[in-house]
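Only one structure is covered here, and it is reproduced in the block below.
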Amino acid sequence: MEFIYKNAWIVPFLPFSASVPIGLGSFFFPGATKSVRRTWALISIFLLSVAMFFSFNLFLQQITGGPIYQYFWSWVINNKFSLELGYLIDPLTSIMLVLVTTIGTMVMIYSDNYMSHDKTYVRFFAYLNFFTASMLGLVISPNLLQIYFFWELVGMCSYLLIGFWFTRPSAANACQKAFITNRAGDFGLLLGILGFYWVTGSFEFQYLSEKFSELTAVDEVGLFFVASCVFLLFLGPVAKSAQFPLHVWLPDAMEGPTPISALIHAATMVAAGIFLVARLFPLFKALPLMMYLISCTGGITALLGATMALAQKDLKKGLAYSTMSQLGYMMLAMGIDSYRIALFHLITHAYSKALLFLGSGSVIHSMEPIVGYCPSNSQNIAFMGGLRKYMPITGITFLLGTLSLSGIPPFACFWSKDQILSDSKLYSPILGVITWFTAGLTAFYMFRMYLLIFEGDLRVNLVHSYNNHITLYSTSMWGEKESRISNRTRADSMSKILGKNNSFSKEAFQILNKKEGLYKKNRDLVFIYPFFHKGSFASPKESDKPMLFPLVVLGMFTLFAGLIGVPFFRSGMSYDILSQWFTSSMTPFAKKHPENWSEVFIDAIPSVGIGFLGILIAYILHRPIYFLSKNVYLKRYPHMKSIMDQSINIIYNWSFYRAYIDVCYDMTLIKGIRGLAEISYSFDQWAIDGISNGLGFLALFVGEGMRCLGGGRISSYIFFSLFCIVISLFIYYYSLKN
C-alpha cells in the first residue's frame with residue numbers, strides 16, 4: 001500500500017509522457033509521426049489504461065479504510081517563504097481519478113475511429129493526452145497554487161481543443177469566447193488565492209481551513225475582506241462549470257470534435273469547478289451568506305439551462321445546455337450543504353452525459369455522408385428521425401442515457417437527482433419548486449431529442465421527395481465547407497417543409513398529399529406513412545465496433561453507477577456505500593432518512609411522476625407518426641391555436657436567442673468595450689499624440705525660420721539687431737506716453 005501511495009504521481013505522468021513525444025514528433029518529424037499515427041493512438045490508450053487501473057487501486061485502498069496521504073517536494077525555500085509541490089490522496093481525489101481515467105480511456109478508444117479520416121489525427125491525440133494529464137494533475141493537487149497552475153493548463157487545452165478546426169470561423173470564435181470568459185473567472189480565483197495567502201500565509205488546504213477558523217473565531221480578520229476573498233474564489237468555479245452569468249461559452253464550445261465534448265464538457269473540465277467547491281467546502285460553509293449565494297446560483301443555472309434546451313435544433317448544443325442545467329443541480333446541492341449528494345450526482349451525470357455525447361457523435365458520423373460534412377446539417381435534428389432502425393445499438397444506449405438523465409429508476413441519475421430534489425425542498429420551498437420544475441423540463445427536452453432523432457421516419461426523405469437536386473458538402477482538413485453542386489441546398493428545402501418547432505408545415509402536407517398511397521385521413525388526424533425505400537437514397541449506418549464498444553461500456557456504468565448511493569437496510573439501520581467514503585456534513589434542516597425499501601419507493605413517487613409527466617408531454621408534442629392537422633384549430637378552436645402559436649414562438653425565441661443573455665452581453669460589454677476603445681484611441685491620437693506632435697512641429701517651424709534668417713553676413717545681423725532695438729524703444733516710448 002505504501003508503494004502505491006508513494007507512486008501516485010505516475011497517474012498524471014503517464015498521459016503526459018504520451019503527449020510530449022507525439023507533439024514533438026509531429027513538430028520536428030511530421031511525416032514519420034503521421035506514418036505511425038495508429039501506433040501513437042494505441043500507446044496513448046495503453047498508458048491511460050494503466051493510469052486507470054492505478055486509479056482503481058488507489059480507489060479501493062480509500063474505500064477499504066486506507067489513510068489520507070500527502071506527499072510534498074520542496075520547491076522554493078527561504079526565511080519567510082516556502083513553497084512545496086506534491087499530491088494529495090483522499091476519497092475525493094480517488095473518485096475523481098477513477099472518473100477522469102475511465103471516461104478518458106473510453107473517449108480515446110472512440111476517438112481512434114471517429115478521427116481516423118482527419119488529417120490532424122496526431123495533433124488531436126497530442127492535445128487529448130495533454131488535457132487528460134492536466135486534469136489529473138489538478139485533481140491530485142494538495143494546495144491552491146498547484147491547483148491554479150493545472151487549472152490554467154486545463155483552460156489552455158480546452159482552448160486548443162475547442163478551436164481544433166481553427167480555420168472554421170465558428171470554431172475560432174468559440175475557442176476565443178471560451179478562453180476570455182474563463183479568464184474573467186480565473187482572475188477572480190487568482191485574487192482570492194492571493195487574499196487567503198495574505199491572511200493565512202499558506203496555500204495548503206488543511207492548514208488554510210484550520211487557520212481560517214482560528215482567525216474568524218477571534219475576529220482577527222475583517223469579515224468583509226474574508227467574504228470578498230471567498231467570493232473571488234467562487235468566480236473560478238462559476239466560469240469553469242458554466243454557471244450563470246458566465247455560462248455563455250459552453251454551447252459555443254460544441255464546435256470542437258464530439259469526443260472532446262464528451263470528455264471536457266460533460267465529465268471532466270466542467271466538473272473541475274464542482275470539484276474545487278468540494279475541496280474548499282469548509283471555507284464556503286463557514287459563511288452562510290456565501291452558501292446561500294452558491295445555492296441561488298445553482299438554482300438559476302439549472303432552470304436557465306433547462307429552458308434554453310427546450311427548442312434547440314443542434315444536437316450537441318441541446319446536450320450542452322443539459323450539461324449546464326445538471327451542473328446547476330450540483331452547485332445547488334453544494335449550496336444547501338448536501339456535499340455527498342452533489343458529488344454523487346457529479347459521478348452519475350458524468351457517465352450518463354459522456355454516453356449521450358458519444359452517442360450523438362455516432363449519430364453525426366452516420367448522418368454526414370447523407371446531409372454533408374457541415375455541422376449545421378449533420379447536427380440538425382430536423383434532418384434526422386427513425387435512426388433506431390438503422391443504428392440499433394446507438395439508439396438503445398442513447399435511450400439509456402436519456403432515461404437516466406430524466407430521472408427514471410433504476411438508472412444512475414435517478415438516485416442522485418431524487419435526493420437533490422428532496423433536500424432542496426426541505427431547505428427552501430422556492431428552490432424546491434425550481435428543482436422540481438427543472439426536473440420535468442429535463443425529461444421533456446431529453447425525450448424530445450430522442451423522439452426526433454430515433455423514432456418515426458428519416459425526415460431527409462421529405463427533402464429528397466420535394467427536391468431531387470441535393471447539394472453535397474465536403475470538409476477539408478481544417479473543416480472548411482466547400483460546395484460541389486451549385487443547386488438549391490438541402491437545408492433550404494428542409495426549411496420549406498419543417499417549421500420552427502420541427503413540425504410539418506402546410507406546404508409539406510400539400511407535397512405529401514400529391515403522393516399516391518402516402519397518407520390516409522382519419523377524422524382530425526393525418527397518418528404519415530414511411531415512403532423511404534432502401535436503394536433510392538443513402539441510408540444511415542451503424543458505427544464501427546471501436547465506436548460502439550465505449551457506448552456499451554458507458555451504458556453499463558449508466559445502469560449500475562447509481563448503486564454506490566442506493567440505501568441498504570440492515571439491522572434497522574440505513575446506510576449506503578457513498579456515505580462510507582465521505583463524511584456526511586451537518587445539514588441545516590432535519591432530514592428523515594428512509595428505514596426500508598417501501599419508504600424509498602414512496603419518497604421517489606413524486607420525482608418519478610414529474611419525470612414521466614415531462615416524457616408524456618414530449619410524446620404528445622413530438623410523437624413520430626401522428627401529426628395534428630391545422631384545420632382542427634382553424635375550424636374549431638381558432639383562439640386556442642393563436643394562444644398556442646404565440647406560446648410556442650415565445651419559448652422558441654427564448655431558446656433560440658439563448659434567453660437573450662448573449663444579446664445583452666453584446667450590447668453592453670462588447671459594444672461598450674469597443675466604444676471605450678474607440679474613445680481612448682481618439683483621445684490618444686488627438687490629445688496625447690496631438691500635443692507631442694504639435695510641439696514637435698512648432699519646434700521644427702521655429703528652427704526652419706531661424707535657419708532662413710541666418711545668412712552668415714555680419715552686416716545683416718547688425719541691421720536686424722538695430723531694427724529690433726529701434727522697435728523696442730518705440731514701443732517703450734509709446735507706452736510711457738500713454
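Residue positions begin at 1 at the first shown residue.
From the backbone N, Cα and C atoms, a Cβ is placed for every residue, glycine too.
Bear in mind that TrEMBL entries carry predicted annotations, made automatically and left uncurated.
Quick look at what TrEMBL lists:
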type: TRANSMEM; residues: 6-29; note: transmembrane segment
type: TRANSMEM; residues: 41-65; note: transmembrane segment
type: DOMAIN; residues: 75-125; note: domain 'NADH-Ubiquinone oxidoreductase (complex I) chain 5 N-terminal'
type: TRANSMEM; residues: 85-109; note: transmembrane segment
type: TRANSMEM; residues: 121-141; note: transmembrane segment
type: DOMAIN; residues: 141-442; note: domain 'NADH:quinone oxidoreductase/Mrp antiporter transmembrane'
type: TRANSMEM; residues: 147-166; note: transmembrane segment
type: TRANSMEM; residues: 187-209; note: transmembrane segment
type: TRANSMEM; residues: 221-239; note: transmembrane segment
type: TRANSMEM; residues: 287-306; note: transmembrane segment
type: TRANSMEM; residues: 393-414; note: transmembrane segment
type: TRANSMEM; residues: 426-447; note: transmembrane segment
type: TRANSMEM; residues: 547-569; note: transmembrane segment
type: TRANSMEM; residues: 600-621; note: transmembrane segment
At a C-beta cut-off of under 8 Å, are there same-chain residues at least 6 beyond the transmembrane segment (6-29) that contact it? List them, or none.
40, 43-44, 47-48, 50-51, 54-55, 58, 69, 71, 87, 89, 97, 101, 104, 122-123, 125-127, 129-130, 132-134, 136-137, 140
Pull the DSSP breakdown for the domain 'NADH-Ubiquinone oxidoreductase (complex I) chain 5 N-terminal' (75-125) and write it out as helix, strand, coil residue counts.
29 helix, 11 strand, 11 coil
Taking only the residues in the domain 'NADH-Ubiquinone oxidoreductase (complex I) chain 5 N-terminal' (75-125), give me the average pLDDT of this model.
87
